[in-house]
Amino acid sequence: MLAARLIILLSFYWLSASAIDPADPLFVDLPHGKIRGRDNGFYYSYESLPYAEPPVGELRFEAPQPYKQQWTDTFDATQPPVTCMQWNQFIFGDNKLAGVEDCLTVSIYKPKNTSQSSFPVVAHMHGGAFMFGEARQNGHENMMREGKLILVKISYRLGPLGFASTGDAGLSGNFGLKDQRLALLWIKQNIASFGGEPENIIVVGHSAGGASVHLQMLREDFAQVAKAGISFGGNAMDPWVIHQSARGRTFELGRIVGCGQASDSTELKNCLKSKPAGEIVSAVHSFLVFAYVPFAPFGPVVESPDAPEAFISQHPVDIIKSGKFAQVPWAVTYNTEDGGYNAAVLLEKQASSGRELIFDLNDHWFDWAPYLLFYRDSMTTIKDMDDYSRKLRQEYLGDRRFSVESYWDLQRLFTDILYKNATELALDLYRKHGKSPVYAFVYDNPANTGIGQFFSKRTDVHFGTVHGDEYFLIFENLARGPEMRSDEEIISRNFLNMINDFVVSGNGTMTFGNCVLQDNVGSNKFQLLSITKNGCENLQLESFP
């Protein structure tokens, strides 16, 4: 079905061949009518362009449908994209509900660069654990100032609205991934109208956005919509990506919002369609053990093979082993202290006691660890969970107690389990089963402020190079300070050039500064580029450090 839709959409490709009117580049003709963008000084923007019918009413919990409306008036593309409805971790306070249900849009940003008649294209998928986040959370001005690339930001369904699943055809799930896929088809079809090069599209994302890129690339037909991908700080091997107990969680969601009488998936879906979207999304708080833990109670699933328009029907590990995935260039990354994103909240001082939350782990480790580290659903018995929890604690802390002094070892545990080990696994699978180039880098250059300070609400702790420290040099984010150091400015420019050169490369080569990344496919050792404030260095490793 998805392949048929691709053929139908691409058959209309000629409709988007009309160029931007050189007399007024703010106006663009699309198959749905004319749009008007905005002049932002050194770039143009065309925001909030719908690529799908609103996923409301009978279209809630269904695969997205291509946008059909024809505009009689000029469409106002000057309004920033709305937030897809979510229970947002970044909102402090009890009520974390934000956004709207009708949110499936793309937003396009084009630099003013008269020396280029056309531009390679970066399709961007935001992060947020598949639960929260939005197209606006990452800036675009760094990329626009470089003046070499068109950027397209994709909005997609999140949380239970995007990923509730009963594991069968009745409520199959992965609606957020299917949104992303339809958006990529829209970009392929229409980007030429904005001066973009449809033959030179790369997909990038961070965290859940990086995992989304990887999941999109696990479809064999990915090469029909893009030529390469980069997964920053997240990939499909991460333990928080594929959910194994979605069915029970989705029926529990139904019970919470008043659909407990549903006897099967179809009844449950129909009942959930009748409930207010805000009520469904607000139910997320019932799945949290403490704070925002687990940070991804809903997410991608392996769908039943008989599900309508199934996105994936095998586990990513099995897909890669089968060789039936898109053989196109891919890069995957991690940071040396990625786990600070998840662990930093444990250093927040509690208002009631003035004591850090990390001390509570001494009494609650066996209860909380399976949720913090995402093995609650993969263990069959409580004994298995307790044994694994005990093993991890002994391996990383020995006989020491959880405390501020032992925080760095706990953060190292989080980094390994939630990010680094999965990157090593992905590379190992690709070097054995891949055919196109696969690259990897590790970033070690702490930002002055970042996610660690944000979630701990502290400035007196050094967290190292945490989640996002590299990505926010490409796409600005308020979690890190607005200013870049001189070394970060150089690194930012090298990252932007890396992306540009990767997308236009005819043979999939990748460079960073004066370093050429080495291909992992067919290699006996891991080929890993190390990036620090002092430059870059190619490493050949038996295992990750």
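Using N, Cα and C of the backbone, Cβ positions are placed for all residues, glycine too.
Features reported for this protein in Swiss-Prot:
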type     : residues      : note
SIGNAL   : 1-19          : signal peptide
DISULFID : CYS84-CYS103  : disulfide bond
ACT_SITE : SER207        : active site, acyl-ester intermediate
DISULFID : CYS259-CYS271 : disulfide bond
ACT_SITE : HIS467        : active site, charge relay system
DISULFID : CYS515-CYS536 : disulfide bond
Taking only the Cα atoms, work out how far CYS259 (disulfide bond) lies from CYS84 (disulfide bond), in Å, as a whole number.
23
On a simple 10 Å Cβ count over all chains shown, which one of the disulfide-bonded residues CYS84, CYS259, CYS536 is most densely packed?
CYS84
Counting distance between Cα atoms, which of the disulfide-bonded residues CYS84, CYS103, CYS271, CYS515, CYS536 is nearest the residue listed as 'active site, acyl-ester intermediate'?
CYS84
Among CYS103, CYS515, the most crowded of the disulfide-bonded residues [Cβ within 10 Å]
CYS103
Cβ density check for CYS271 (disulfide bond), other Cβ within 10 Å (all protein chains) comes to 16
Take the C-alpha atoms of CYS84 (disulfide bond) and CYS515 (disulfide bond) and report the distance between them in angstrom, rounded.
39
Smallest Cα-Cα separation from the residue listed as 'active site, charge relay system' among the disulfide-bonded residues CYS103, CYS271, CYS515, CYS536 is shown by CYS536
Nearest to CYS271 (disulfide bond) by C-alpha distance, among the disulfide-bonded residues CYS103, CYS515, CYS536, is CYS103
CYS515 (disulfide bond) versus CYS103 (disulfide bond) - Cα distance in angstrom:
40
Need the DSSP three-state call for the residue listed as 'active site, acyl-ester intermediate' to compare against my parser.
coil
Any idea what DSSP makes of CYS271 (disulfide bond), helix, strand or coil?
helix
